[in-house]
Ligand code: COA
Ligand code: MG
C-alpha cells in the first residue's frame, strides 16, 4: 500500500491538554500522540482517554495523527490499543526486536479494525528499530513484513541505556559509534524494505541552528523525514525535506535530457557527466514534489 510522505512527526505527550491544543497549529505533517516515555505511569490511563477524545474530535484531519503505544511486551500496550477506535493514521511501535513484533501488531490491528468498523489495513505501523540490543541485528528484517509498514525510525536514548553506556555522544558532540551504526541501520533497513527512513529527534530544542545542520545532513544521507519534540522544530524540518526550486529545475532538466536522448545511458549537462543514478535521483525528487502536493 502506498502511504503519504510525511516530513515532520511531532511528538505530543498524550496527557498534556495544553500541548495537544498547541499541536493543532504546529504545521507538522504528522503528530505522534505519546502514551509511552513522555507520560508518567500514573497518568497513562488519563493520557489514553485524552488521546482517544482527540482522535474522535479530529476525524477529519489535515495532519496525520499517529499514536505511540507502549512496547508490545508490556500489558500497557494492550490497553493502549483502545485508541484504535479513534481511527489513528498509524501506531508508532517502540522497542521492537525485529519485524516479528510488527507482524504481531499487524495481526491485532486486523481484528481491531473489524471490531471498530474501520477499513482493512487503514492503520499504518512505524517501528522504532534500534532501541534494544537485539534490534540492531535485525534492522534488515522488515522487508515485506506487512503492508502496514510506513517507515522505520530510530532512537539513541534507549539503546544507550540498554547497553549500559553513559553517553551517546563523543566529546566533540557527534553521535558515538553505536548511534551512528543504529542510524545507518535504520536508513538501510528502510531502503531495503522500500519505506520511509525517518531520522530521530534533536533533543536540544532551543538550538535551532544545530537542528538545521542535523536535518540537512540527514536528508543528504537519504532520510525523508524527522521526528520532532517541540513545535519550534517543525518549520526547519519541513523546509529541509521539501525539494528546493533549484533541485526541481535540475531534476526536470535531467529527465528531459534523457528523454531527448533515448539511446544514451550517459550524457553531459552543464559540463558534468550524468548517468542512471542521476536520472533516478532526479525522478525521486520529482516524485517527492508530487507526493507532497
Ligand atoms: N507539542 C505541542 N506543544 C508543545 C510541545 C509539543 N511537543 N512542546 C512544547 N509545546 C508548547 C508548550 O506547551 C508551550 O505552549 P504554551 O505557550 O501554550 O504554554 C509552547 O509550546 C512553548 O513551549 P516551551 O515553554 O518552549 O517548552 P516546555 O518547557 O513547555 O516543554 C518539553 C519542553 C521538552 C517538555 C516539550 O517540548 C515536550 O513535552 N516535548 C515532547 C516530549 C516528548 O513527547 N518526548 C517523547 C519522544 S522523545
Ligand atoms: Mg524512549
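Quick reminder: no glycine exception, Cβ is built from N, Cα and C everywhere.
In TrEMBL, annotation is done automatically, which means it is predicted and not curated.
Marked as substrate binding site by TrEMBL: 68, 131. Long-range neighbours of residue 68 (substrate binding site) (same chain, six or more residues apart, CB within less than 8 Å of its CB): 11, 32, 33, 34, 35, 36, 91, 92, 93, 94.
As annotated by TrEMBL, Mg(2+) binding site applies to 131, 158. Less than 8 angstroms from the CB of residue 131 (substrate binding site) sit 94, 95, 96, 154, 155, 158, 159, 162, each of them six or more residues away in the same chain.
The domain 'HpcH/HpaI aldolase/citrate lyase' annotation in TrEMBL covers 7-231.
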If you run the three-state DSSP split on residue 158 (Mg(2+) binding site), which class comes out?
-> helix
